[in-house]
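> I have a structure I would like to understand better, so I am pasting it below and will then ask my questions one at a time.
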Amino acid sequence: MDAGLQKNTIYNSASTLEVGDDGFRKNIDDDGREKRTGTLVTASAHIITAVIGSGVLSLAWAIAQLGWVAGPAVLMAFSFITYFTSTLLADSYRTPDPVSGKRNYTYMDVVRANLGGKKVQLCGIAQYVNLVGVTIGYTITASISMVAVKKSNCFHENGHGANCKPSNYPYMIIFAVIQVVLSQIQNFHKLSWLSILAAVMSFAYSSIGLGLSIAKVAEGGHVRTSMTGVEVGVDVTGSEKVWRTFQSIGDIAFAYAYSTVLIEIQDTLKSYPPENKVMKRASLAGVSTTTIFYVLCGCLGYAAFGNDAPGNFLTGFGFYEPFWLIDFANVCIAVHLIGAYQVFCQPLFGFVEMKCRQKWPDSKFITTEHIVNIPFCGEYYVNMFRLVWRTAYVIMTAIVAMIFPFFNSFLGLIGAGSFYPLTVYFPIEMYIARAKIPKYSFTWVWLKILSWVCLVVSLVAAIGSVQGLLMDVKKYKPFKTE
């Protein structure tokens, strides 16, 4: 390392750049960190990458459990709540003033600045457990989509009744290997290109699923649908109807899960225009775009398959032909989830690495950056702790995914567990504290009612998802996809 480089300490997004040469200060923000370059477009791409994920694939099944009335109503309710609370959260990035106040780099920093006390630890547990759960869920979903390509070709060659059941495990390993490489990207600020690619992929497979559903409806085949969804005594028992209804609510909640990374996304934005205003516009663009896709995919998927809608309509197997289009859609899903995995794991990586640097500041294993010259890419900084820890994390998520490779139940449980604390409770409590809303005033009362209603919804969704997961475990046959 030359003398000029030795003067600079280069860490990831959770650390400060110490610059010895005043000439570099124009590339540094007001907090001493590397100048942020994010825009409305990149923030919207991050949001769409985080929101339009594997959740969209289960919406036809979720609408089938709820029916024509409750299904779209629940979708619209979750979209409104998610957008409303995201605007509250966006104003918390800087404190005390949302435009000129001190920056908060993570969700935990925001809670610490606005609420403090034990709520900071509760937020950390909720956020990082959720991030781990989401990355496990994405490993499961990506492997299912990779397997679906092989199954689609098998069905095309051997007929729709063929016994095509390849193992998910090799594809989980392939996905993990890709993530080990991508996880060496130092921080969120370097992920814009991956998020834009992932957002394009999400639009591609959502549009294909939408188009195939429209084509199936246009064929005019008879399918059973109803105002209340699957029928007791015909499709399911009374208890199954209740459990599936709860689980479907969890699936829809998961489909809108991005509050866990909202602050980290906002921390990539340029300081002008004000970050909170840009983030609100990005949230509106992201949530409204995804809601349109969700309503179309969910409702048209239900119209196409009726009460027999599969849990994942691109891998269920809802569609068989044209097989090449099904293959392309599933490849798009896998590519999208490769990017989405990074969007959700980078905040966790940054948090762990920051804590380790604080605890062991003199450890060269943790703090030393080694320069590696990569042909055509220039210099790349390698940190041995980052390499080992991130690789170990990816392996851990892959192993858990192999043990519990269940799509709908896992998504429902993650959605139910994260929706209330991270999307509803903390944003509302921080707004009440920051705006000094008087206790028992009209605004205070309706915000509390919204919070308590969402708590009840999350609890019943979690109960339904746990029951579904237990049933899946009982039915599961190792080494075969369901």
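Using the three backbone atoms N, Cα and C, a Cβ is placed for every residue, glycine included.
A TrEMBL annotation is a machine prediction, not a hand-curated record.
For reference, TrEMBL lists these features for the protein:
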| type | residues | note |
| --- | --- | --- |
| DOMAIN | 37-470 | domain 'Amino acid transporter transmembrane' |
| TRANSMEM | 40-63 | transmembrane segment |
| TRANSMEM | 69-90 | transmembrane segment |
| TRANSMEM | 128-149 | transmembrane segment |
| TRANSMEM | 192-215 | transmembrane segment |
| TRANSMEM | 284-305 | transmembrane segment |
| TRANSMEM | 325-349 | transmembrane segment |
| TRANSMEM | 393-420 | transmembrane segment |
| TRANSMEM | 449-470 | transmembrane segment |
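Could you tell me the structural context for the features on the list?
Residues 59, 62-63, 98, 110, 227-229, 249, 252-253, 255-256, 258-259, 262-263, 266, 275-276, 279-280, 283-284, 287-288, 290-291, 294-295, 298-299, 302, 419, 423-424, 426-428, 430-431, 450, 454 of the same chain lie 6 or more positions beyond the ends of the transmembrane segment (69-90) yet place their CB under 8 Å from a CB of it.
Distant neighbours of the transmembrane segment (192-215): 38, 41-42, 44-46, 48-49, 52-53, 56-57, 60, 182, 185, 268, 293, 296-297, 300-301, 303-304, 313-314, 319, 325-326, 328-330, 332-333, 335-340, 342-343; these residues of the same chain sit at least 6 beyond its ends, with a Cβ under 8 Å from one of its Cβ atoms.
Proximity of distant same-chain residues to the transmembrane segment (325-349), defined by a Cβ-Cβ separation under 8 Å and at least 6 residues beyond the stretch ends, is recorded for 12-13, 46, 49-50, 52-54, 57, 106-107, 127-128, 131-132, 134-135, 138-139, 141-142, 145-146, 148-149, 152-153, 175, 178-179, 182-183, 185, 187-188, 191, 194-195, 197-199, 201-202, 204-205, 208-209, 212, 260-261, 264, 314-315, 319, 386, 389-390, 393.
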